[in-house]
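Summarising the annotation, TrEMBL assigns domain 'Major facilitator superfamily (MFS) profile' to 21-397. The annotation transmembrane segment is assigned in TrEMBL to 20-37, 57-75, 87-108, 114-137, 144-163, 175-193, 224-244, 256-276, 288-306, 312-332, 344-365, 371-392.
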């Protein structure tokens, strides 16, 4: 009887600790969506205020994507060495440096460097958050990763409303950026006080075999997954960053209407990830992503090249974009059990590469041609993603029948 009384509170504490870390990770992804998507909502105002060209804007966006890219490359192995909570703390520090720099200076080089630090913060949150959820919920990870990204969608959906309203009341975009700092402090304090479950591998790993990791990371279909991730993120991030500018210039929408459409885009992503958290396990990971890519192609093509009356179709693409990233992450995490932090970090590195090249390429092409044609390259990204996913699904089907 005494053993039962002792063990019961112990088990309750483990469950509670797991949930507390999960709640903090959900908030981290809300912050990820909130700060990460301020850029797209404020971009037209920044271009006008600082007299920047599309190419210059693309270079600043390249800075944030380069930071994201480097973070995803480094944070995977780093999390295996120093633990995942430390990654969250690094992210918070980079947020503070980047936000203060971007909101305080006007020099092109300083703005780009500040965006680089914000990119480091976003990349650290991306990798750290996904790894924590994979740690906490090894079963049904596809469901919980989609749920994690649901909170990213909530932050992404709300921030255009917030930014559009404040800009319409003549509040500076610099003040809007600084308003994210209190949320960063809350995240830091929360994880400082939260205790990682002892039953889960939160600590650094002692044995780290780079040779074995290299073999695992590039075996089988892994290079194909990296390629898909890179092009998908180029499409999704390019859509989110350039949508407001595209709608204002190519579709003659107002600031409030274009901001509303961006909110609708992220709202659709939020709904899609919530629904996807229940659906992808039943339909299958690859099949779900093929259907999602087909839907994204239709929405982006019609919204970009169709008449202005059909511009509302463009934000609906968020519904189809929504499940690809978390479901692709779940697919890769099922293929590997050891050094998962490093392998997922490499996957996210390619997502960072896509995020770096996509928005930059749209900006450069828009300067060379028109904003419609520059934005239209997103359709090509989606087509290639769909074809590659379909090929991968067929290859795996053939392998099972042999």
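Heads up, the Cβ atoms here are built off N, Cα and C, so glycines get one too.
For the domain 'Major facilitator superfamily (MFS) profile' (21-397), the model gives a mean pLDDT of 86. When Cβ-Cβ distances under 8 Å to the transmembrane segment (20-37) are tallied for each of 87-108, 224-244, 288-306, 344-365, the top count falls to 87-108. Remote same-chain residues near the transmembrane segment (344-365) are listed as 54-55, 57-59, 61-62, 65-66, 68-77, 79, 119, 123, 126-127, 130-131, 134, 217, 225-227, 229-235, 237-238, 241-242, 325, 328-329, 332-333, 373-375, 377-378, 381 (criterion: CB distance under 8 Å, separation of at least six residues from the stretch ends). For the transmembrane segment (87-108), same-chain residues at least 6 beyond its ends with a Cβ under 8 Å from one of its own Cβ atoms are 28, 35, 50, 52, 56, 59-60, 67, 71, 75, 78-79, 114-122, 124-125, 127-128, 131, 174-175, 177-178, 180-181, 184-185, 187-188, 191-192. Through the fold, the transmembrane segment (312-332) approaches residues 130, 141-142, 145-146, 148-149, 153, 222, 225, 228-229, 232-233, 235-236, 239, 243, 247, 261-262, 264-273, 276, 279-280, 285-286, 288-289, 291-296, 298-300, 302-304, 306, 343-344, 347, 351, 385 of its own chain, all at least 6 residues removed from its boundaries and within a Cβ separation under 8 Å.
Each of 57-75, 288-306, 371-392 was scored by its Cβ pairs under 8 Å to the transmembrane segment (224-244), and the highest score goes to 371-392. Within its own chain, the transmembrane segment (57-75) is flanked in space by residues 39, 43, 46-47, 87, 90, 94, 98, 108, 111-124, 126-128, 237, 241, 345-346, 348-349, 351-353, 355-364, 367, which lie at least six positions past its ends and keep a Cβ under 8 Å from the stretch. Residues of the same chain lying 6 or more positions beyond the ends of the transmembrane segment (371-392) and with a Cβ under 8 Å from any Cβ of it are 54, 221, 224, 227-228, 231-232, 234-235, 238-239, 242, 245-246, 249-250, 286, 289-290, 293-294, 296-297, 300-301, 304-305, 324, 358, 361-365.
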